[in-house]
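Asker: Per TrEMBL, the feature domain 'G-protein coupled receptors family 1 profile' maps to 46-297. If you look up TrEMBL, you'll see 31-53, 65-87, 107-130, 151-171, 201-226, 247-270, 276-297 marked as transmembrane segment.
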Amino acid sequence: PACPAMTNNGSSRPWLFLLTGFPGLEHVHPWIAVPISLMYFVAICGNAAILTIIRAERSLHKPMFLFLAMLAATDLCLVATTVPTVLPLFWFNVRALRFGACATQMFFIHSLSCVESGILLAMAFDRFVAISNPLRYPLIFTGSRIAKTGLLMLLRGVLFVLPTPLLLRLLRYCGANALSHSFCLHQDVMKLACSDRRVNVIYGLFAVLATFGIDSLLVLLSYVVIVKTVLSIACGEERLRALDTCVSHLCAVLLFYVPLIGLTVVHRFGEWASPLVHILMGFTYVLIPPMLNPVVYSIKITQIRQRIAKRLQS
């Protein structure tokens with residue numbers, strides 16, 4: 001049944017959004033929930049392990065590992081933000097979500113994604129300085145500057161994303177109320193409005209370009225300089241060693257930006273696409289980076305791998 005609209009002047013009953021699982025496969029949602037739950041479990045355990053090891057081992061209190069701890073904390077919060085709607089939907093078919101809860105979840109998902117993008121940029125700059133100017137590395141990446149960088153990225157995410165739920169509340173919703181995903185995203189909720197949403201579209205585009213767009217461009221420029229610096233190294237073994245320190249970060253960048261770009265393309269130009277494509281891209285965006293980042297860093301960084309092995313043996 002259609003839900004009551006929430007007009008610009010408010011409503012006695014809040015608008016209800018309906019979350020979407022896998023259309024046509026509702027009868028096997030509990031079975032689909034098993035691998036999704038396992039992915040959440042791996043993401044939570046992996047990022048919690050990274051945080052615990054870095055916090056406990058003083059030898060890992062270095063810039064690269066401190067940024068990694070920030071990345072793990074962000075991924076952990078992102079997973080915790082999406083779990084409350086995804087698992088009840090698949091396990092118990094709980095689809096309805098009030099506007100306030102949906103807006104809150106949307107704010108956290110987008111702001112944490114913005115924070116993660118900023119941390120990946122900081123990690124790219126960390127690798128750039130370590131390879132291009134190693135003598136100044138300890139002077140540039142002090143503990144206070146790393147803490148300020150993390151705080152700055154957090155504030156940036158909050159300030160850029162905070163207007164989006166406020167702007168959505170000004171829209172009028174009538175008719176369709178089914179979302180394309182199992183959680184709330186700005187572009188998904190915005191499409192359900194039946195009033196003029198040009199301000200939301202313009203601000204959303206501005207926020208994306210000012211955060212993800214600039215971040216990705218600066219990461220690309222950092223790697224252009226890194227490659228240029230590495231190619232100037234005479235010894236082939238030294239080249240490989242320098243590039244090897246960037247592999248895990250480069251994997252994290254690809255794990256983050258490829259699903260982000262894919263989800264953006266699907267929402268902007270994929271009206272022709274099957275609902276299944278929207279669902280899969282959404283889960284790829286919120287689940288794959290938090291799940292695989294700890295795996296990538298555990299495999300590539302010897303110190304992390306050794307600490308994990310040591311703790312498993314003890």
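Quick reminder: no glycine exception, Cβ is built from N, Cα and C everywhere.
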Asker: Counting CB pairs under 8 Å, which listed stretch among 31-53, 107-130, 201-226 touches the transmembrane segment (151-171) the most?
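Answerer: Maximum Cβ contact count belongs to 107-130.
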Asker: Return the average pLDDT for the domain 'G-protein coupled receptors family 1 profile' (46-297) as a whole number.
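Answerer: For the domain 'G-protein coupled receptors family 1 profile' (46-297), the model's average pLDDT rounds to 92.
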